[in-house]
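**Q** First the structure, then my questions, so here it is.
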């Protein structure tokens, strides 16, 4: 295919000669997507209907749920159409749009995770100021700033790729479009795109990760000042769910970066699976983690299931 007026079309990654593997992979993707839709939808509905959850921490959780739904919906339906309908080709404009959505929403999720870490820091280290500093209005403004930062930092990525020629292979490493993957297929100087992409990642996800770690160092120091072990465990247990959510986001992100940097000789299955893990693991695990840790969410979801049943 010669592509569109914007540029060439790309071919999504495929497992050559492995029909059974593709069938199982598509079933796993569909199941994970359904779980992500159900879990995050249930969290949004539970927080909406439970007045006791109308606090900044759970507003941030709703933001995470909405972002995870956006990431999954921007990638999985297109991937499933490839597996089920054989529609492997993806237009240049659609690829750049998908790439922008993935990176911008990932940046927004990283910012929300940082906001949740700061919420835990204020709650543990300055509990008397917590209600005054982190109001629902402040949480809403933080959410808007998180989304705006993601858009501003990652909008230049597709714009830098737009004028580049693609004269060689147009086969992607994943079942969706990522900046580094598309950039590596260009047959021109990609230094500006490489420099900007790396700078954006370090200033957004990298800085957020450092600040999250710093907040937990301060939280740990405050917890260790408590006299009784029971009090320490009780206070620190309020952070366990958030720590698990942070790991569910950053571990797949780091794993995908390592595969891109050092895994050129790995089997296609590794690239495809790691890409889907990066998109779907947070979307599937986040509602489970907070559903297990929060009794109000459990009760509200169970009541909804009972009513609909």
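Placement of Cβ uses the backbone N, Cα and C atoms for every residue, glycine included.
Annotations in TrEMBL come from automatic prediction, not curation.
Below, the features straight out of TrEMBL:
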type	residues	note
DOMAIN	39-290	domain 'G-protein coupled receptors family 1 profile'
TRANSMEM	24-46	transmembrane segment
TRANSMEM	58-76	transmembrane segment
TRANSMEM	96-118	transmembrane segment
TRANSMEM	139-162	transmembrane segment
TRANSMEM	194-223	transmembrane segment
TRANSMEM	235-257	transmembrane segment
TRANSMEM	269-292	transmembrane segment
**Q** Quick one: do the transmembrane segment (269-292) and the transmembrane segment (24-46) have at least 3 Cβ pairs under 8 Å, skipping pairs fewer than 6 apart in sequence?
**A** yes
**Q** Tell me, please, if the transmembrane segment (235-257) and the transmembrane segment (139-162) are in contact, taking contact as 3+ Cβ pairs under 8 Å between residues separated by 6 or more positions?
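**A** Answer no: the transmembrane segment (235-257) and the transmembrane segment (139-162) share fewer than 3 Cβ pairs below 8 Å.
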**Q** Suppose I define contact as three or more CB-CB distances under 8 A, residues 6 or more apart in sequence; do the transmembrane segment (194-223) and the transmembrane segment (96-118) meet it?
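**A** Per Cβ check, the transmembrane segment (194-223) touches the transmembrane segment (96-118).
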**Q** Should anything in the same chain at least six residues away from the transmembrane segment (58-76) have a Cβ under 8 Å from its Cβ atoms, list it; otherwise answer none.
**A** 29-30, 32-33, 36-37, 40-41, 43-44, 47-48, 98, 101-102, 105-106, 108-109, 112-113, 115-116, 119, 136, 139-140, 142-143, 146, 175-176, 245, 279-280, 282-283, 286-287, 290
**Q** Could you tell me the mean pLDDT over the domain 'G-protein coupled receptors family 1 profile' (39-290), as a whole number?
**A** 90
